[in-house]
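**Q** According to Swiss-Prot:
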- Gly29, Leu30, Ser31, Gly32, Gly33, Ile34, Asp35, Ser36, Thr130, Lys159, Ser181: ATP binding site (BINDING)
- Asp35, Glu135: Mg(2+) binding site (BINDING)
- Arg110: deamido-NAD(+) binding site (BINDING)
Amino acid sequence: MDWQKITEKMCDFIQEKVKNSQSQGVVLGLSGGIDSALVATLCKRALKENVFALLMPTQISNKANLEDALRLCADLNLEYKIIEIQSILDAFIKQSENTTLVSLGNFAARIRMSLLYDYSALKNSLVIGTSNKSELLLGYGTIYGDLACAFNPIGSLYKSEIYALAKYLNLHENFIKKAPSADLWENQSDEADLGFSYAKIDEGLKALETNDEKLLRTLDPSLIAMLKNRMQKNAFKGKMPEILEI
């Protein structure tokens, strides 16, 4: 892939969305993971300024992720704010009848979304998305949580392509080497949740997208079954609510 042209196209897209909305800039959640780090880097290239990052850890968040996020803010000279969301999460735990790890992870994602949109209004800026194509196809995210945004410059790149672009843009090796994780709970791992590496997942997704029957026959049947199941089950996450026409 021509990463120079792709980078230019992404930066043009960011500039266009901000200009057409008459906004001042963008707001993003910076987790310390590769996706948000890449988006922050693209925003800085595209806008130079008016890029505001929110860092929103809980008490179980990986401290190394916060350190990496802070280093990136320093390297890019980004305006940022750290908001500890544990007290909000604790209030939910006291009231909710559903406190499974998945439920708490989803609620944490929606807390972060609420804060992002609060600062979006405060700063007259757009919330920019950080989900990649692999996550979007699988519905691997929280509806009205981390999937919520005004626009998304990286949603057409598979996770494996995210790594390639990150290397091209010289992101710190910490982002490239760390295991993919939404950091929703302690020691949470995307690949452990999904049961396969992103390399395998992307291979399967591409084969399904192009209907490459020859390649599909060579892949693990359990991988293809998992991908099809998640894509079908979570398809609603990528759609606007259906409205009855009268």
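Backbone N, Cα and C atoms are what each Cβ position is placed from, and that goes for glycine too.
Not measured: the values here are computed from a predicted model.
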**Q** Using DSSP, would you call Ser31 (ATP binding site) helix, strand or coil?
**A** coil
**Q** Specify the count of other C-beta atoms within 10 Å of the C-beta of Glu135 (Mg(2+) binding site).
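**A** For Glu135 (Mg(2+) binding site), the count of other Cβ atoms within 10 Å is 25.
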**Q** Within 10 Å of each Cβ, count the other Cβ atoms, then let me know which of the binding-site residues Ser31, Thr130, Ser181 comes out lowest.
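**A** Minimum Cβ neighbour count within 10 Å, taken over the binding-site residues Ser31, Thr130, Ser181, occurs at Ser181.
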**Q** Do any residues at least six apart in sequence from Asp35 (ATP binding site), in the same chain, have a Cβ closer than 8 Å to its Cβ, and if so which, in order?
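**A** When sequence neighbours closer than 6 are ignored, Asp35 (ATP binding site) has Thr130, Ser131, Asn132, Ile154, Ile162 within Cβ distance under 8 Å.
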**Q** Measure from the CA atom of Arg110 (deamido-NAD(+) binding site) to the CA atom of Gly29 (ATP binding site) and give the result in Å, rounded to a whole number.
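**A** On Cα coordinates alone, these residues lie 12 Å apart.
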